[in-house]
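Asks: Before we start, here is the structure in question, set down as structure tokens.
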Amino acid sequence: MQKNDLVTVQIEDMGTGGEGIGKVDGCALFIKDAIIGDLVEAKIMKMKKNYGYARLMNILTPSPARQNARCREARRCGGCQIQEMDYRQQLAFKKDKVENNLLRLGGVPREILESAMEGIIGMDEPFRYRNKAQYPVGRDREGRLTAGFYAGRTHQIIPVPDMDCALGAEDNQAVLEKILAFMEEYSISPYDEEAHAGLVRHVLIRKGFTTGELMVCLVINGESIPHSDVLAKRLSQIPGMTSITCSINREKTNVIMGNEIRTIWGQSYITDYIGPVKFHISPLSFFQVNPVQTEKLYGAALEFAGLTGKETVWDLYCGIGTISLFLAREAGQVYGVEIVPQAIEDAKNNAAANGIENARFHVGKAEEVLPDLYEKEGIRADVIVVDPPRKGCEQAVLETMVKMQPERIVYVSCDPATLARDVKYLRESGYEIKRVKAVDMFPHTVHVETVCCLHRVNS
Ligand code: SAH
């Protein structure tokens, strides 16, 4: 096999990036947009020694799990990887991924995993779940003003009319149309990355799903938007509009948001709820993008924590304190640790806004704060919750957790591979897996979240 050869491939597996995998002459081929069960014709793009990459040319026999994507541009867009796969199959694929990691990388015995593993929590309606979208603004090849999403791995914009993103809120379309029409009318230039010139770089739209409040923030390469009163008047007619701001970003950078936010109309923030807890969301605040599933995920974390009102709980990698505030209502005392100072500011404000007085927060690296407080102050915990980024927990965090001897450790994970690695260490250090639940926070993408409860076993 060599570059440009056409081959027929039966897709038998799926890679971590959602690409279909099939074998030809004993050699694995990775084929984007092919799904398990498809028989496809593909063109070899690149060959390595034992594997290669091929482009999907034709679907000869479609998989029973194949369905039409809802987005017209699903394949070109970099956002989703498996929109053409039936949702039940997506869920089965994600649950398998969690199980396989725990079995193979985590070394969890099959009978223990089988009794711990619960069903994956999917969405009843797996579309329109994102409460946040960031659209680049630019010009298309013909020089027309456009806004949309970047095509996968490029900075070429797929324009909005072609791609009303089926994961985002329906309101997004109207907001962008009004902004583009306004820019056209008043000759306001979009930002040009190459030349580092032009004004409007990105449009950020956020929606409070519970409150219906809408936020629009225009990221600009300048100090202000000419005729912004006209823009504000038009945007404020959209039902739910609560906050219109601009963010100043004059740097030559891929970072979307600038740090300075100016209010153009209404408030500088919107409000939303996860379960009973209220959050203030500013353009720069972190907030979970799928609030419906977040409530289920953190609800499971709370259930696994098994609180009775007396416990001391540590919530490591606490972000804006979403889990901490959920836990605080049923714990004695909660301590959160987070590396981003602004997130801790938000966490404290959110605690105050909800009248929660038994949550305290520390800024710093979990792998420094926890060992330090343990050595110097002998802190203890009945339950420790962790929700680390993809790379999982640092060794120093795992070691200190074990020394603290909590009854239960609740591990919330966005990457089953690092979860499995950390579970292996915890199982070798006196903890056993009791319950595992996967939650689908990002339907149509390959991501999966897991919450895993480990109990201390007498040894
Ligand atoms: N549960 C949180 C989100 C957790 S995401 C919420 O709902 O808000 C992981 C968090 O870990 C991020 O907020 C990130 O800033 C933080 N983080 C990353 N590395 C860290 C470290 N070494 N120590 C502490 N926090 C860290």
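Every residue, even glycine, has its Cβ placed from backbone N, Cα and C.
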Asks: Given TrEMBL annotates Gln288, Glu338, Asp387 as S-adenosyl-L-methionine-binding, which of Tyr317, Tyr411, Tyr425 belongs to that site as well?
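Replies: Record source TrEMBL; matching candidate: Tyr317.
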Asks: Can you go through the recorded positions Tyr317, Glu338, Cys414 and pick out those with a C-beta less than 6 angstroms from ligand 1?
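Replies: If the test is a Cβ under 6 Å from any atom of ligand 1, the answer is Tyr317, Glu338.
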Asks: Using the alpha carbons only, what distance in Å do you get between Glu338 (S-adenosyl-L-methionine binding site) and Cys414 (active site, nucleophile) once rounded?
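Replies: It is 17 Å, counting Cα to Cα.
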Asks: Far apart in sequence but close in space: which same-chain residues, 6 or more away, have a Cβ under 8 Å from Asp387 (S-adenosyl-L-methionine binding site)?
Replies: Ala301, Asp315, Leu316, Tyr317, Cys318, Gly319, Ile323, Val412, Ser413
Asks: For the recorded positions Gln288, Tyr317, Glu338, Cys414, which one has its C-beta crowded by the most other C-beta atoms within 10 angstroms?
Replies: Glu338
Asks: Rounded to a whole angstrom, what is the largest C-alpha distance between any two of the residues Gln288, Tyr317, Glu338, Asp387 that the record assigns to S-adenosyl-L-methionine?
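Replies: The widest Cα-Cα gap among those binding residues is 16 Å.
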Asks: Report the residues of the chain - excluding Gln288, Tyr317, Glu338, Asp387 - with C-beta within 8 Å of the mean position of the site's C-beta atoms, for the recorded S-adenosyl-L-methionine site, in sequence order.
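Replies: Apart from the listed residues, the neighbours are Asp315, Cys318, Gly319, Ile320, Thr322, Ile323, Pro388, Val412.
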